[in-house]
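Participant: Take this structure first; my questions come after.
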Amino acid sequence: MRDDATPTEAESTGETVEAVLDTVARSAPDIRQGLPGRRAAIEAENPSGESQKAADVYADELLCDRLGDIDGVGVYASEERPDPVEVGSGLSVCVDPLDGSSNLEPNAAMGTIVAVYDGALPATGDELVAAAYVLYGATTTMMVAREGEVTEYVVHPDGEYEIAQADVTIPEEPSVYGFGGRVPHWVDDFESFAREVESDPSMKLRYGGAMIGDVNQVLTYGGIFAYPTLSNAPEGKLRVQFEGYPVGYIVETAGGASSDGAQSLLDVEKDDLHARTPVYVGSEDLVDDLEAALEE
Ligand code: FBP
């Protein structure tokens, strides 16, 4: 018989998840305050070959230190470092420390994305136990998906945070869209779909160049975000473990849909930590239409 004082595996996982989310929220003001002096590119590239900003490295090191200190976190991995870091035993935490850091210089919104997996890396979509993103916009907010619910928090400058919206669900009537990649590189079927969406009088373009900002528009107003397959990059730009799975999990938990063009993002299986995938997320009808268009 179980000793009632000993937490079950599920309870321990839940406590670790809460500690990870709490740490991310409390770190958000420190990341934000560290940005002003770190806007420039440095002489380094991330594992995907993109040039790094001083702020990318700063946010990565800060989160690695703090998340790596949590009991029950076994591995820390980040878009900014080639290999996972063994920090203990337990859950695997994957982070995009500053999503959209090219928005630093024009002073536009950016994010931090966190995915918590109960499994070794690279993990599968069904091993996700929670996902979240922080959005550094006019205010700092954090969207969290766990246990079948999405909650939006406002994070105050002192790291305290409070619920802004419980049980976030994607609105029924879509009104915004944002599609990444250069238009000449869109494949014909995607371009036809995009033209259909653009010609719908109820739809407005919202694209800011940071996935988190653009996905937050879609969760707020309903619609669709895509970073599609491209003729010169069939897997698109975004990374499965750091971007595709967590954003798919958040949008699906909020009642929307996600796809890589043929299946839910959560069913994508790639055996490389930094593998990419096309990403389509948003209102279910639009994602269905998108999949039908790509099948033609
Ligand atoms: P980083 O995480 O390296 O910043 O890249 C991801 C990203 O910035 C996404 O946030 C965004 O959707 C996309 O790249 C924008 O790409 P593009 O500049 O091609 O529009």
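Glycine too: its Cβ is placed from the backbone N, Cα and C atoms.
Worth saying up front: this structure is predicted, and the values here are computed from it rather than measured.
Take a look at what TrEMBL says about it:
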type: BINDING; residues: GLU79, ASP96, LEU98; note: Mg(2+) 1 binding site
type: BINDING; residues: ASP96, ASP99, GLU243; note: Mg(2+) 2 binding site
type: BINDING; residues: ASP99, GLY100, SER101, SER102, TYR207, LYS237; note: substrate binding site
type: DOMAIN; residues: 44-161; note: domain 'Fructose-1-6-bisphosphatase class I N-terminal'
type: DOMAIN; residues: 170-294; note: domain 'Fructose-1-6-bisphosphatase class 1 C-terminal'
type: REGION; residues: 28-53; note: region 'Disordered'
Participant: Can you go through the binding-site residues GLY100, TYR207, GLU243 and pick out those with a C-beta less than 6 angstroms from ligand 1?
Facilitator: GLY100
Participant: May I have the DSSP-based helix, strand and coil counts for the residues of the region 'Disordered' (28-53)?
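Facilitator: So the region 'Disordered' (28-53) is made up of 9 helix, 8 strand, 9 coil.
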Participant: Over the span of the domain 'Fructose-1-6-bisphosphatase class 1 C-terminal' (170-294), count residues by DSSP class, listing helix, strand and coil in order.
Facilitator: 54 helix, 23 strand, 48 coil
Participant: Among the binding-site residues SER101, SER102, which residue has the fewest other Cβ atoms within 10 Å of its own Cβ?
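Facilitator: Looking at the binding-site residues SER101, SER102, the Cβ with the fewest others within 10 Å is that of SER102.
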Participant: Within 8 Å of the Cβ centroid of the Mg(2+) 1 site residues GLU79, ASP96, LEU98, which other residues of the same chain have their Cβ?
Facilitator: ASP56, ALA59, ASP60, SER78, GLU80, VAL95, PRO97, ASP99, SER101, THR112, ILE113, PHE242
Participant: Which one is closest to ASP96 (Mg(2+) 1 binding site) in space, judged by CA to CA distance, out of the binding-site residues SER102, TYR207, LYS237, GLU243?
Facilitator: GLU243
Participant: Return only the integer: C-alpha distance in Å from GLY100 (substrate binding site) to GLU79 (Mg(2+) 1 binding site).
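Facilitator: Roughly 12 Å, rounded to the nearest whole number.
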Participant: Including all protein chains shown, what's the count of other C-beta atoms within 10 A of the C-beta of ASP99 (Mg(2+) 2 binding site)?
Facilitator: 28
Participant: Other residues near the Mg(2+) 2 site, CB within 8 A of the CB centroid of ASP96, ASP99, GLU243?
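Facilitator: So the extra residues in range turn out to be GLU79, GLY100, GLY111, THR112, ILE113, TYR133, MET211, ILE212, LEU238, ARG239, PHE242, PRO246, VAL247.
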Participant: Relative to the Cα of LEU98 (Mg(2+) 1 binding site), which of the binding-site residues TYR207, LYS237, GLU243 has the closest Cα?
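Facilitator: Minimum Cα distance from LEU98 (Mg(2+) 1 binding site) across TYR207, LYS237, GLU243 lands on GLU243.
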